[in-house]
Amino acid sequence: MSPAHPENWPVLVVKGGVDDELLRDFTALAAAAEESDGNPPLSEQTFVTLRAGESGTHSLLSLALYAPDEESDPATAQDLAGFAVVVEEADGTGVLELAVHPSYRNQGVADRLVATLKASRGFDGLKAWSHGNHEAAADLAAKYGYAPIRELWKMRLTASDAELPDAALPDNVSLRAFIPGQDEEAWLAANKAAFSHHPEQGNMTRQDLAARMAEDWFDPAGFLLAVDPSGRILGFHWTKVHPGHGGHPAIGEVYVVGVTPEAQGMGLGKALTVAGIKYLQDKGLHAVVLYTDADNTPAVSLYRRLGFTRWDADVMYGPKNGG
(Lines of atoms letter the chains of each structure in order from A and count residues from 1; the text may use other names and numbers.)
(Lines give C-alpha, C1' and ligand atoms only; values in the text may rest on other atoms or scores of the structure.)
Protein backbone atom coordinates (compact mmCIF):
# COMPACT_ATOMS: atom_id res chain seq x y z
CA MET A 1 0.00 0.00 0.00
CA SER A 2 1.38 3.39 -0.89
CA PRO A 3 2.31 5.71 2.00
CA ALA A 4 1.23 8.71 -0.07
CA HIS A 5 -1.65 10.75 1.28
CA PRO A 6 -5.04 10.20 -0.43
CA GLU A 7 -5.11 13.83 -1.53
CA ASN A 8 -2.54 12.81 -4.14
CA TRP A 9 -4.35 9.69 -5.31
CA PRO A 10 -6.27 9.72 -8.61
CA VAL A 11 -10.04 10.08 -8.51
CA LEU A 12 -12.03 8.75 -11.43
CA VAL A 13 -15.25 10.72 -12.01
CA VAL A 14 -17.87 9.00 -14.17
CA LYS A 15 -21.10 10.66 -15.28
CA GLY A 16 -23.66 8.11 -16.42
CA GLY A 17 -23.53 4.34 -16.24
CA VAL A 18 -20.39 2.56 -15.09
CA ASP A 19 -18.63 -0.18 -17.04
CA ASP A 20 -18.47 -3.81 -15.92
CA GLU A 21 -14.96 -3.51 -14.48
CA LEU A 22 -15.83 -0.55 -12.28
CA LEU A 23 -19.06 -2.22 -11.19
CA ARG A 24 -17.06 -5.30 -10.16
CA ASP A 25 -14.68 -3.09 -8.18
CA PHE A 26 -17.60 -1.34 -6.46
CA THR A 27 -19.28 -4.66 -5.68
CA ALA A 28 -16.10 -6.15 -4.20
CA LEU A 29 -15.43 -3.10 -2.02
CA ALA A 30 -19.05 -2.99 -0.86
CA ALA A 31 -18.83 -6.66 0.14
CA ALA A 32 -15.65 -6.00 2.13
CA ALA A 33 -17.26 -3.02 3.87
CA GLU A 34 -20.38 -5.03 4.71
CA GLU A 35 -18.28 -7.87 6.09
CA SER A 36 -16.45 -5.39 8.33
CA ASP A 37 -19.39 -3.23 9.39
CA GLY A 38 -22.37 -5.57 9.35
CA ASN A 39 -24.27 -3.20 7.04
CA PRO A 40 -24.18 -2.79 3.26
CA PRO A 41 -22.79 0.65 2.35
CA LEU A 42 -25.20 1.06 -0.57
CA SER A 43 -28.96 0.81 -0.64
CA GLU A 44 -30.56 -1.75 -2.89
CA GLN A 45 -31.95 1.04 -5.10
CA THR A 46 -28.44 2.33 -5.75
CA PHE A 47 -27.10 -1.09 -6.69
CA VAL A 48 -30.11 -1.73 -8.93
CA THR A 49 -29.48 1.59 -10.67
CA LEU A 50 -25.76 0.85 -11.06
CA ARG A 51 -26.47 -2.55 -12.60
CA ALA A 52 -29.29 -1.35 -14.83
CA GLY A 53 -27.70 1.93 -15.89
CA GLU A 54 -29.41 5.27 -16.19
CA SER A 55 -33.14 5.57 -16.81
CA GLY A 56 -35.60 8.31 -17.59
CA THR A 57 -36.02 9.00 -13.87
CA HIS A 58 -32.48 8.46 -12.56
CA SER A 59 -28.99 9.51 -13.61
CA LEU A 60 -25.67 8.58 -12.03
CA LEU A 61 -22.50 10.26 -10.88
CA SER A 62 -19.77 7.95 -9.57
CA LEU A 63 -16.37 8.71 -8.05
CA ALA A 64 -13.66 6.10 -7.50
CA LEU A 65 -10.47 6.74 -5.53
CA TYR A 66 -7.61 4.41 -6.38
CA ALA A 67 -4.60 3.91 -4.13
CA PRO A 68 -1.49 3.77 -6.34
CA ASP A 69 1.08 1.07 -5.77
CA GLU A 70 4.56 2.41 -5.06
CA GLU A 71 5.86 0.80 -8.23
CA SER A 72 2.97 1.66 -10.53
CA ASP A 73 1.76 4.57 -12.58
CA PRO A 74 -1.03 6.27 -10.57
CA ALA A 75 -3.07 6.59 -13.76
CA THR A 76 -3.31 2.80 -13.96
CA ALA A 77 -3.61 2.04 -10.23
CA GLN A 78 -5.79 -0.94 -9.41
CA ASP A 79 -6.47 -0.70 -5.67
CA LEU A 80 -9.89 0.84 -5.08
CA ALA A 81 -9.68 2.59 -1.71
CA GLY A 82 -13.15 4.12 -1.77
CA PHE A 83 -16.02 5.20 -3.96
CA ALA A 84 -19.03 7.48 -3.91
CA VAL A 85 -22.24 7.23 -5.91
CA VAL A 86 -24.89 9.91 -6.40
CA VAL A 87 -28.25 8.83 -7.79
CA GLU A 88 -29.78 11.94 -9.34
CA GLU A 89 -33.51 12.48 -9.74
CA ALA A 90 -35.06 14.27 -12.69
CA ASP A 91 -35.79 17.30 -10.47
CA GLY A 92 -32.09 17.86 -9.78
CA THR A 93 -32.00 16.39 -6.29
CA GLY A 94 -29.59 13.59 -5.51
CA VAL A 95 -28.69 11.05 -2.84
CA LEU A 96 -25.08 10.27 -2.00
CA GLU A 97 -23.74 6.97 -0.67
CA LEU A 98 -20.07 6.36 0.03
CA ALA A 99 -17.86 3.44 1.01
CA VAL A 100 -14.23 3.13 2.10
CA HIS A 101 -12.39 -0.19 2.05
CA PRO A 102 -11.54 -1.31 5.61
CA SER A 103 -7.83 -1.38 4.69
CA TYR A 104 -7.85 2.31 3.76
CA ARG A 105 -9.84 3.85 6.59
CA ASN A 106 -8.72 6.75 8.79
CA GLN A 107 -6.50 8.07 6.01
CA GLY A 108 -8.75 10.78 4.56
CA VAL A 109 -10.24 8.71 1.73
CA ALA A 110 -13.84 9.76 2.39
CA ASP A 111 -12.82 13.41 2.73
CA ARG A 112 -11.01 13.25 -0.62
CA LEU A 113 -14.08 11.78 -2.30
CA VAL A 114 -16.44 14.37 -0.82
CA ALA A 115 -14.13 17.25 -1.66
CA THR A 116 -13.94 16.03 -5.26
CA LEU A 117 -17.72 15.67 -5.36
CA LYS A 118 -18.12 19.23 -4.11
CA ALA A 119 -15.80 20.49 -6.84
CA SER A 120 -17.36 18.44 -9.65
CA ARG A 121 -21.06 18.60 -8.76
CA GLY A 122 -21.60 20.81 -5.75
CA PHE A 123 -24.00 20.05 -2.91
CA ASP A 124 -27.16 21.65 -4.34
CA GLY A 125 -30.14 19.38 -3.69
CA LEU A 126 -27.85 16.70 -2.24
CA LYS A 127 -28.63 14.43 0.70
CA ALA A 128 -26.58 11.51 1.98
CA TRP A 129 -27.19 8.14 3.62
CA SER A 130 -25.11 6.53 6.34
CA HIS A 131 -26.09 2.88 6.57
CA GLY A 132 -25.47 1.83 10.14
CA ASN A 133 -25.08 5.37 11.53
CA HIS A 134 -21.29 5.28 11.69
CA GLU A 135 -19.49 7.84 13.84
CA ALA A 136 -17.06 8.61 11.02
CA ALA A 137 -19.99 9.43 8.72
CA ALA A 138 -21.49 11.76 11.33
CA ASP A 139 -18.16 13.57 11.69
CA LEU A 140 -17.76 13.91 7.92
CA ALA A 141 -21.32 15.20 7.55
CA ALA A 142 -20.79 17.82 10.26
CA LYS A 143 -17.56 18.98 8.61
CA TYR A 144 -19.51 19.83 5.45
CA GLY A 145 -22.46 21.44 7.25
CA TYR A 146 -24.82 18.46 7.17
CA ALA A 147 -27.03 17.18 9.99
CA PRO A 148 -29.41 14.21 10.46
CA ILE A 149 -32.81 14.74 8.81
CA ARG A 150 -34.21 11.20 8.76
CA GLU A 151 -33.69 7.99 10.71
CA LEU A 152 -34.65 4.63 9.22
CA TRP A 153 -34.90 1.83 11.75
CA LYS A 154 -33.94 -1.73 10.93
CA MET A 155 -36.13 -3.99 13.06
CA ARG A 156 -35.71 -7.73 13.51
CA LEU A 157 -37.88 -10.67 14.51
CA THR A 158 -36.11 -13.91 15.40
CA ALA A 159 -37.67 -17.35 15.39
CA SER A 160 -37.48 -17.51 19.18
CA ASP A 161 -39.37 -14.20 19.47
CA ALA A 162 -42.08 -15.09 16.98
CA GLU A 163 -45.57 -15.53 18.38
CA LEU A 164 -47.53 -14.16 15.47
CA PRO A 165 -51.22 -13.45 15.97
CA ASP A 166 -53.94 -14.81 13.76
CA ALA A 167 -54.68 -12.21 11.11
CA ALA A 168 -57.34 -13.40 8.71
CA LEU A 169 -57.84 -11.74 5.37
CA PRO A 170 -60.99 -9.60 5.03
CA ASP A 171 -64.06 -11.21 3.50
CA ASN A 172 -63.92 -11.68 -0.27
CA VAL A 173 -60.16 -11.14 -0.35
CA SER A 174 -57.78 -13.91 -1.36
CA LEU A 175 -54.02 -14.25 -1.50
CA ARG A 176 -51.96 -15.42 -4.47
CA ALA A 177 -48.43 -15.11 -5.81
CA PHE A 178 -47.35 -12.52 -8.36
CA ILE A 179 -47.31 -13.86 -11.93
CA PRO A 180 -44.48 -12.43 -14.10
CA GLY A 181 -45.70 -11.34 -17.50
CA GLN A 182 -49.24 -10.80 -16.21
CA ASP A 183 -49.27 -8.65 -13.08
CA GLU A 184 -46.68 -5.94 -13.72
CA GLU A 185 -48.96 -3.09 -14.84
CA ALA A 186 -51.69 -3.86 -12.30
CA TRP A 187 -49.13 -4.02 -9.50
CA LEU A 188 -47.51 -0.73 -10.55
CA ALA A 189 -50.92 0.96 -10.42
CA ALA A 190 -51.66 -0.52 -6.99
CA ASN A 191 -48.21 0.47 -5.73
CA LYS A 192 -48.66 4.04 -6.98
CA ALA A 193 -52.01 4.31 -5.21
CA ALA A 194 -50.75 2.74 -1.99
CA PHE A 195 -47.71 5.02 -1.81
CA SER A 196 -49.05 8.29 -3.18
CA HIS A 197 -47.61 9.91 -0.02
CA HIS A 198 -44.21 8.26 -0.51
CA PRO A 199 -42.85 9.15 -3.97
CA GLU A 200 -39.62 7.20 -3.45
CA GLN A 201 -41.69 4.00 -3.57
CA GLY A 202 -44.81 5.17 -5.37
CA ASN A 203 -43.01 6.46 -8.45
CA MET A 204 -41.57 3.06 -9.34
CA THR A 205 -41.61 2.53 -13.11
CA ARG A 206 -41.88 -0.59 -15.26
CA GLN A 207 -38.13 -0.33 -15.81
CA ASP A 208 -37.51 -0.12 -12.05
CA LEU A 209 -39.68 -3.19 -11.49
CA ALA A 210 -37.97 -5.11 -14.29
CA ALA A 211 -34.57 -4.33 -12.77
CA ARG A 212 -35.65 -5.78 -9.43
CA MET A 213 -37.17 -8.82 -11.08
CA ALA A 214 -33.82 -9.41 -12.78
CA GLU A 215 -32.01 -9.55 -9.43
CA ASP A 216 -30.87 -12.96 -8.19
CA TRP A 217 -33.01 -12.68 -5.06
CA PHE A 218 -36.32 -12.18 -6.88
CA ASP A 219 -38.82 -15.00 -6.32
CA PRO A 220 -42.43 -14.49 -7.47
CA ALA A 221 -43.59 -17.09 -4.94
CA GLY A 222 -42.71 -14.63 -2.18
CA PHE A 223 -44.43 -11.68 -3.88
CA LEU A 224 -47.89 -11.99 -2.32
CA LEU A 225 -50.92 -10.22 -3.79
CA ALA A 226 -54.26 -9.66 -2.06
CA VAL A 227 -57.02 -9.59 -4.69
CA ASP A 228 -60.79 -9.16 -4.72
CA PRO A 229 -63.16 -11.56 -6.57
CA SER A 230 -62.61 -9.66 -9.83
CA GLY A 231 -58.85 -10.09 -9.54
CA ARG A 232 -58.14 -6.44 -8.70
CA ILE A 233 -55.05 -5.97 -6.52
CA LEU A 234 -55.97 -4.47 -3.14
CA GLY A 235 -52.63 -4.92 -1.42
CA PHE A 236 -49.37 -6.81 -1.49
CA HIS A 237 -46.46 -8.06 0.57
CA TRP A 238 -43.23 -8.40 -1.36
CA THR A 239 -40.77 -10.51 0.63
CA LYS A 240 -37.07 -10.93 0.07
CA VAL A 241 -34.45 -13.47 1.15
CA HIS A 242 -30.89 -12.29 1.74
CA PRO A 243 -28.47 -15.19 1.18
CA GLY A 244 -26.07 -16.10 3.95
CA HIS A 245 -22.47 -14.91 3.74
CA GLY A 246 -19.36 -14.89 5.89
CA GLY A 247 -20.75 -17.56 8.18
CA HIS A 248 -24.00 -15.65 8.71
CA PRO A 249 -27.24 -17.50 7.87
CA ALA A 250 -29.76 -16.35 5.28
CA ILE A 251 -32.31 -13.85 6.56
CA GLY A 252 -35.78 -12.83 5.36
CA GLU A 253 -37.03 -9.31 4.80
CA VAL A 254 -40.41 -7.61 4.81
CA TYR A 255 -39.40 -5.81 1.62
CA VAL A 256 -42.52 -3.74 1.03
CA VAL A 257 -46.14 -3.95 2.20
CA GLY A 258 -48.77 -1.79 0.56
CA VAL A 259 -52.55 -1.40 0.69
CA THR A 260 -54.55 0.65 -1.82
CA PRO A 261 -56.66 3.50 -0.38
CA GLU A 262 -59.99 1.76 -1.01
CA ALA A 263 -58.86 -1.30 0.97
CA GLN A 264 -57.49 0.52 3.99
CA GLY A 265 -59.17 0.24 7.37
CA MET A 266 -60.05 -3.46 6.92
CA GLY A 267 -57.02 -4.94 8.66
CA LEU A 268 -55.51 -5.95 5.34
CA GLY A 269 -52.10 -4.45 6.09
CA LYS A 270 -51.69 -6.52 9.24
CA ALA A 271 -52.97 -9.66 7.52
CA LEU A 272 -50.51 -9.20 4.65
CA THR A 273 -47.63 -8.52 7.02
CA VAL A 274 -48.31 -11.67 9.03
CA ALA A 275 -48.82 -13.77 5.88
CA GLY A 276 -45.46 -12.69 4.47
CA ILE A 277 -43.62 -13.32 7.73
CA LYS A 278 -45.13 -16.79 7.97
CA TYR A 279 -44.11 -17.45 4.37
CA LEU A 280 -40.50 -16.56 5.26
CA GLN A 281 -40.58 -18.62 8.44
CA ASP A 282 -41.90 -21.61 6.52
CA LYS A 283 -38.75 -21.39 4.39
CA GLY A 284 -36.75 -22.08 7.55
CA LEU A 285 -35.25 -18.61 7.96
CA HIS A 286 -34.07 -17.88 11.49
CA ALA A 287 -34.90 -14.17 11.40
CA VAL A 288 -36.91 -11.57 9.50
CA VAL A 289 -35.98 -7.89 9.19
CA LEU A 290 -37.77 -4.78 7.98
CA TYR A 291 -37.10 -1.07 7.61
CA THR A 292 -39.37 1.70 8.86
CA ASP A 293 -39.00 5.39 9.58
CA ALA A 294 -38.31 5.98 13.26
CA ASP A 295 -40.99 8.68 13.43
CA ASN A 296 -43.70 6.45 11.89
CA THR A 297 -45.25 5.71 15.27
CA PRO A 298 -48.19 3.57 14.03
CA ALA A 299 -45.89 1.30 12.00
CA VAL A 300 -43.31 0.99 14.78
CA SER A 301 -46.09 0.12 17.25
CA LEU A 302 -47.52 -2.54 14.93
CA TYR A 303 -44.15 -4.16 14.35
CA ARG A 304 -43.37 -4.16 18.06
CA ARG A 305 -46.68 -5.89 18.76
CA LEU A 306 -45.64 -8.54 16.25
CA GLY A 307 -42.40 -9.08 18.18
CA PHE A 308 -39.95 -6.96 16.19
CA THR A 309 -37.24 -5.04 18.04
CA ARG A 310 -34.95 -2.22 16.90
CA TRP A 311 -31.72 -3.72 15.59
CA ASP A 312 -29.90 -0.91 13.81
CA ALA A 313 -30.52 2.39 12.06
CA ASP A 314 -29.65 4.20 8.84
CA VAL A 315 -29.36 7.98 9.00
CA MET A 316 -29.96 10.44 6.18
CA TYR A 317 -28.08 13.74 6.30
CA GLY A 318 -29.04 17.04 4.73
CA PRO A 319 -27.74 20.61 4.87
CA LYS A 320 -28.22 22.21 8.29
CA ASN A 321 -29.75 25.27 6.67
CA GLY A 322 -32.23 23.13 4.74
CA GLY A 323 -30.72 24.09 1.42
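Every residue number used here counts from 1 along the chain in the order it is shown.
Positions of Cβ are set from backbone N, Cα and C atoms, glycine also.
What Swiss-Prot records for L98, A99, V100 is acetyl-CoA 1 binding site, and it gives sequence analysis as the kind of evidence. Within 10 Å of the C-beta of A99 (acetyl-CoA 1 binding site) we count 25 further C-beta atoms, all protein chains included. According to DSSP, A99 (acetyl-CoA 1 binding site) sits within a strand segment.
Under the DSSP three-state reduction, G267 (acetyl-CoA 2 binding site) is assigned to coil, being neither helix nor strand. Taken from Swiss-Prot, the feature acetyl-CoA 2 binding site applies to V257, G258, V259, Q264, G265, M266, G267, L268, G269, K270, supported by sequence analysis.
Annotated domain 'N-acetyltransferase' per Swiss-Prot: 173-323, in sequence order, evidence recorded as sequence analysis.
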Filter the binding-site residues L98, A99, V100 down to those whose C-alpha lies within 10 angstroms of the C-alpha of G269 (acetyl-CoA 2 binding site); answer none if the list is empty. none
Count the Cβ atoms, other than its own, that fall within 10 Å of the Cβ of V257 (acetyl-CoA 2 binding site), considering every protein chain shown. 21
Under DSSP, is V259 (acetyl-CoA 2 binding site) part of a helix or a strand, or is it coil? strand
Averaged over the domain 'N-acetyltransferase' (173-323), what pLDDT does the prediction give? 93
I'd like to know which of these binding-site residues, G265, G267, G269, is least surrounded, judged by other CB atoms within 10 A. G265
If you count Cβ atoms within 10 Å of the Cβ of V259 (acetyl-CoA 2 binding site), leaving out that atom itself, what do you get? 24
